[in-house]
Each structure stands twice: as C-alpha cells, then as structure tokens.
C-alpha cells in the first residue's frame, strides 16, 4: 500500500475505502484534489487529476525518493508506476507497458513526458555516451511530435491529434539503447477545417509567428495574414491568432526555436528541415487557391499562387496546374485527361493538402525511428533486449459535431477499455490461482458487445462503411446510414431517427447514436464515405514523386507507378485503423501492463474548480469503481512475505529484530496471530492476502507507534556507540602521542649524544658543532626555550669554559676573570674594550718599544682648574695610587679601594676615566701612550678594578607564571631564599623605581617547593 498519509489528505489508495460506493469514491477524489494530492492508487493503477498548474513534485529530489522503492512505500505518484514498470522489466526480464488513458485535456501528454523524464533520469548511471545520446533523442522526439501532431482545441491547449505508442529498448543492464514510435490516425482533416475557437497543428503557427524573415520570404509567406491573400485553410485560426495566443499557454515563438534545435539534434539535415517548411508553406498556399468556371472549362482564379506552389515543390508550374485541373484516366492502352469540375478540383486541392501533411508527419516519425532504432544488437552477444512501451493516445471525445475521426477515436478507447478489463481480471484471477486463493467472480460491464458493434465482419459499422464505399455508382452518406439501419436495427447499443422516430435529438438521414461505455455519442454520417475512401488522385502522387527535391521524392514512392499499371484496391481508412488497433492491443496484451487513468476536473482549466458531475462521468466510463471492486473482490491488499515482514516485523516480539522460525511465511503467520488478524487474512504460496483495509490500517498504526520507540532506542544506542568510539579514539590518540613524545625525546637525546660525542678531542671543544633543533612535541615553544636555556646551554657553556681555563696559570685566570667582568659591565656600551689583545697589567716595567718615551706610559690628570698633567696610576688589591712619572713615579696620592664607589667611562673612543670616591673627590684621568696607537686600555682598567671587588653570590634561573594572566617569564636570582631575591629583582632596571608589584606562581626554582606564590617588582 502507499505510504501511510495523514487522513486530512484522504485515502491514498481507493482500495482502502471503508465502503466502495461512487459517493465515497468522488468524495475522496475531490478531497485529495483540493489538498494538492493529484495522484491516487487503485492497487497498481494510478488515477491522475489534471491540476492545471505547475507543481514542484517532479524534480531531481522527488526522483531520488521513488527510485528503487515499492509502490506502497511512497505517496502515489507517476514516478512510482514508472519505477514499478522499470523494475519488472529489469528484474524479471519481462516486457512491460504503461497505458495512459483519459479524455482530451486530462493530462495524458504531460504524464507521458514525466514518465519518459523519470526513466531517463534513473538509467545509465555509468554515463555511457551512446546511452546518453539515445536518451536525448527519445526526449527530443516528444518536442518534435508535439509540434506536428498536437493542436489547440476547445478542451486542451496541447491536445494530441494522433495516437502514439513508443517502445523503449533496454539492454541487459537496464540502460536504454533505442526505441521505436508507432503513430495512429493523425487527424489530418484539421488541416483544412477547425471548429470555432480551435487551431490547426502547432507547426503552422510556429513558422508564421517566429520564422526568420529570410525563411518567410523564401516560402512566400507573410506574418501579416491581411497582406496579399488570406490563408483560407487557416482562416479560422489565423483570424483568431492573437486571441488564441492571449488566452492560452502556448508560446509559438519559443517553441519554434526549440523544435528546430530538437530536429537538428535528432539528425535532420538542413535540406530536410527546409523541405518540411516548404511543405507547410505549400499547404498554406493551397488554401489560397480558388476555382472558377468559364463555360465548360474550370479555371484557377489566382494563377500566381500556382507559380509559388511550383517553386516550393521544385516542379514545373504547368505540371502543378494540370494536376489540379485534370485527372489522367487509363482505359486499357489509351490514356485520357479528364477535366475536373470546380467542386472536384476543390476536393482534390483539399485532399492534396491533407495527404501532404500526413505524409510529412509519417516521414518525420520514420526519420526519428531511423535514428533511435536499435542497431547492431545481437541477443547472443549482448543479452536479451527488453522493452517498456508507453501509450499516449487520444481520449474519449464527444463534440458538438462528431464525425468519422471521433468515431475512430472512441472505437480506439473501447478497445483499450476492453483490454484493461481483460488484463485486470485475468491478472487477478491468475494471481489467485497461482497463490492457491479461492476466486470470487465479480459482475462488471463487458464492452465486448460495443467492440463487436464496430469491428465485427459483415455486421460491424466498419464493414458496412467499407461495403458502401465499394458500391458501383454514386454512393452517398445516406446509403451508408441506410445500411446501418438495416443491419443493426436490433442492436441494443445502436439507434437512429429511423429506428427511434420520437427521438428528436437525431436528424433524419444524418445522425446515428452509439451507446459507448463512456456514454451516448451522436455521430453525423456527413463525410464518412469520403474520409473512409481517403481518395487522392494518382496525378498528385506522380507530381510529387517527379519533384527535383529528393526528400519529397522519398515521401511519395508510389508515384513511380506507370499510368497504365494495374494495382490492388487500396485499403480504406477504417480498415487500416481497425487493423492498427488490433495489432496495438495484441502488442499490449503480450506485455505486463501498468495503467495511468487521467481525469479532467473542469472545462475552464481552473486549478481550483472540481466539477462533480463531470468527474463522476469520467469515473464511470473509465470503469474505476469496477476496478476497485475487482481489486477488493477477494482481498484488498497483497504483499510478498519478505516485504511484509520487513515492514511490520517490529510489531511482534517473535519477529523483531530477526525471527528463528522455519520460514518467512511462518513468521508472518506468527505476527498476524499475535495481532489477532488471523481471521482476516489468507496465506498464499509467496504472498499474504489481507481482506479488509481496516486490518491494514491497524497494522500501519501499530507500526507507526513502534517506529517511534525504535528510533529512540536506536538514538540511545547510537549516541552511546559514538561516545565510546570518541573515547577510544581519544585514548588511542593519547597513547600514541605519549609514545611519540617519548620517541622524539629519546631521538633528540641520541642526536645530542651523537653530535657531542667527540668534543673533548676537538680543537675548540665542540664550539663549532650546531646544537640540534629540539622537538616541538615536548612542550610549547615558549616553555621549551627557557628550559633549554636553563639546563642545556649553561651546562655547555660552563663545560666549554672549564675546558678552556683548566690549563691556564693563575695569572691567566685572573686576566680572564677581569675580561669577563669588563664584558659584563660594558657590553654594548663602548665600541672597543681591548678584549682581543693581551692584558699586560704592569706597563711601567715593560720594555719600551723603539721611539717610545716615558710619557707614552703615563696618564693625563685633569685637575679642578681643567689643566692636564702627566701622572701614573697604580692599582693594588687595597689602594689606588696616583704617581708622578717625572719624580721616579713617586706616589702623590693614595685612595683606599673601599672608598671607591664607582667608575665612569664615556661611550666614545676616548680614554677618559673617572674614579668616584666617598668624599666626592673624584679622580679624572685620561689614558695615553697606547701601543699600537688607537688601542684601548679602558676595558683592562675597568676589569682590573672590578676583579678586585668581591664576586656576587651564585645565581640560579627561576620560571614564574603570572597568577592573573597566565603569562610565563624567566628570571635570574641569587642563591638567597627566593622571596628575598625576587623582591629585589627587576629585569628592566632599578628594582625600586617606577616598578609595579605582581603575584607570580613559582613553576621552577632549585630547592624551592613547586607552586609557591611570590611578589615580583617589574617596571610599569
């Protein structure tokens, strides 16, 4: 059954109605139409109501919803029936067909296009180029056939005026590989006559409205029908052209380009397309021909049109004129030209126009078949070729004036209705017998009696019509009606005014009535004889065959017959149509059929109006109520055991989630017994049959309730599963990360050991060796760098320093300590500190170089009067002496070192030095006499003085974290207790000036507990 929709939309399947009656059927149909549900099931039959508006239910998303699904799994839709036909063809390797029926304007053509669209969308997943080409051809063919075979009627803006049956061939993989189109009974009389408010075929208007000016000039056609001549064949349509366009949904301009592009895609050449336009123009110009009489001679009054027709048909003007005015008759060996009367000439003109359009249409269908037919397909190599047929044929018609065409169309619908009843009953009966279920016979109306009334040999209407056409002499339509009255006087479904004199709705010698399954239809016999004979003079066939246009020559192959050649009597139009309908029904009967029954809700094309009586009449003549009764005769629903169990197994504890019973049939029995429905079901060999819809509704309600519980249970289980999966992933990631970090640390340590393994034997003790890049996985970069600086680099520097000084003399060590003190005090303060040269210390006892004087070894003192005097400076471990070099370096002044509070030097290259003392009697001197010239002794002086002072306490590095911001810093402190040290430390300058106090947490400090909070002063 269809997916369980809300009751506000009615029943999705008419089989599920509580009471099968016409009133309930119509009420459910109306409710679904008003709620926008235009599709409803009757078992496997789709009932479609024309919505008269665009609906967003045919897109790619909708196609995906129905792809591969069963009928009952989704709401009713055309795509569901198309998918069912496709699956039956692909799974069971069986030919199928989709029969679309209904009256004109019910939406048959649109339904066939949507079915083709769906089949094209679900096939060829591998995007094979050849398959895509075939699909494109099949879809484009619809556009072309609509242009040349459809017309606007009072009931439908796009009414199919021909029957179309398309076979789509599929390979063993289910991809379309070709197709074939059969056309039936084109209403060619529409070319010369249309009822008021109707139009001829779309192709005429498309050329006249949107054809390029160059094309129209070559066709001798003007867009303005008032120019020169009027198109008499087109008179009713052309005069109402603007009115028709404003009141309909037809876009002739846009359709012209679409049709031309489609024909080019299909494979029509430019010459072939031009020939089609010329045939259309010729038919228009034939309508402008008028005939007059001059005595006993028939003349063409507007002879200029003959020249235009000759140019379009690529033949001589005199040949065209002769074919229109004369008929060649062969009597034995003699050939004579018999002149037409004006009436005969007009009849020949109309017959030529109709025949040319019909031949052109059949030629177009043949060209399309040549392109889309399956080529080079060998069943032994490629597998069996299966088929899906799509039948889009005219619906039942009842017009104000019903003629031969309406009679044939309604006969076609009688045949299809008979096939529908036979196949439905036969399939139902065969299924019950196959499953071993008793079958209860249901009475229904069998329209076989109406079919026999039309096609029965010697007694049917077609036979009487053919006999009248074969009579010698002048045969009139009245003779045909008399034959019907004599042979069908006692038939229950036939009557005429002669048989029912009191029935004033029938005209004497003109009308007869047939009681069709769809209702009573009155036919006028006027034109039956001529339309059945469908006579076209052989002169026109020879004229067109002898044209220099090769395409026209192909359209008229019988024109090559000689005048004296004897041929068989051609079959009548009724016989040809009857044979084609019999062949069509036989073709459909050998396939598995699927049905789409279309209903027209109103005559004004309103999306809101549902005319009850009009729809009721269609429901009755389509036999939909009988279809529901047949479907429910034994059991309203049937499903295969696996499908049924898959849908309803959650209802029973014995079947959920899986059963352990011997078979699925036993599991279904256990499920239904547990629900208490064993009295309302029957068990076949492969299917379970449910008698009443109520049981199915109860199952659906229980299933809906259980589905909610199952969803909650699945959500719980799935969420737990996801949480466990996430935990396992996180745990695995942590293990992997820990192992990876351990591996990187080990690798890093091994790399360090490898690089510094032989540094003891190196000349520079490994100073040139590049330290390996530390791994990023150990810690963040901002934490890793201080640790490396704290632990790795100081150790290396201390080792290098030890290796350098271990072999030095005490004097050399003192010099190195002095240089270190100088570098620490004056780094980046002066450009040259004299670190590269050897510090002699005692320059007074050194041997003077050649040319040096004592003055070169002295300093200049700047006194308080800003005068310079030569002096010498001696620094011991306790005092600083100022001596006079001119008096044998006699000490002039002695300053204890503990009185020295500091020393100042300038940042320039000068040698000025200021010794600061406690008594503010600073000593200002300037060093001189450096060798070589320009050398600096400021660094040596500062280092010597600093080395004499007591060294500071050893320092350690600490890592602190700001309690408020979390920012981490590295500081250096002495070995005093950390609180004392940190309170006096300022990394940017004086600890007590312009400083702010922050709370820090100790991350690392040797000998101090972790996490202790200290106060640290930093510059604001």
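Using N, Cα and C of the backbone, Cβ positions are placed for all residues, glycine too.
Copied from TrEMBL, the annotated features are:
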DOMAIN    9-704  domain 'Myosin motor'
BINDING   102, 103, 104, 105, 106, 107, 108, 109  ATP binding site
REGION    581-603  region 'Actin-binding'
DOMAIN    806-1019  domain 'TH1'
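Features per TrEMBL, on structure.
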residue : record           : contacts (Cβ under 8 Å, 6+ apart)
102     : ATP binding site : 48, 108, 395, 597, 598, 599, 600, 618, 622
103     : ATP binding site : 155, 395, 396, 397, 598, 600, 618
104     : ATP binding site : 153, 155, 156, 159, 394, 395, 397, 600
105     : ATP binding site : 50, 153, 155, 156, 159, 600, 603, 605
106     : ATP binding site : 48, 50, 395, 598, 599, 600, 618
107     : ATP binding site : 48, 49, 50, 598, 600
109     : ATP binding site : 146, 150, 158, 160, 392
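Secondary structure of the region 'Actin-binding' (581-603) per DSSP, as helix, strand and coil residue counts: 9 helix, 8 strand, 6 coil. In the structure as shown, the Cβ atom of residue 108 (ATP binding site) sits within 10 Å of 27 other Cβ atoms. Those residues of the chain, other than 102, 103, 104, 105, 106, 107, 108, 109, with a C-beta within 8 angstroms of the mean position of the ATP site C-beta atoms are 50, 156, 159, 395, 598, 600. Taken together, the residues in the domain 'TH1' (806-1019) have a mean pLDDT of 67 on the 0 to 100 scale.
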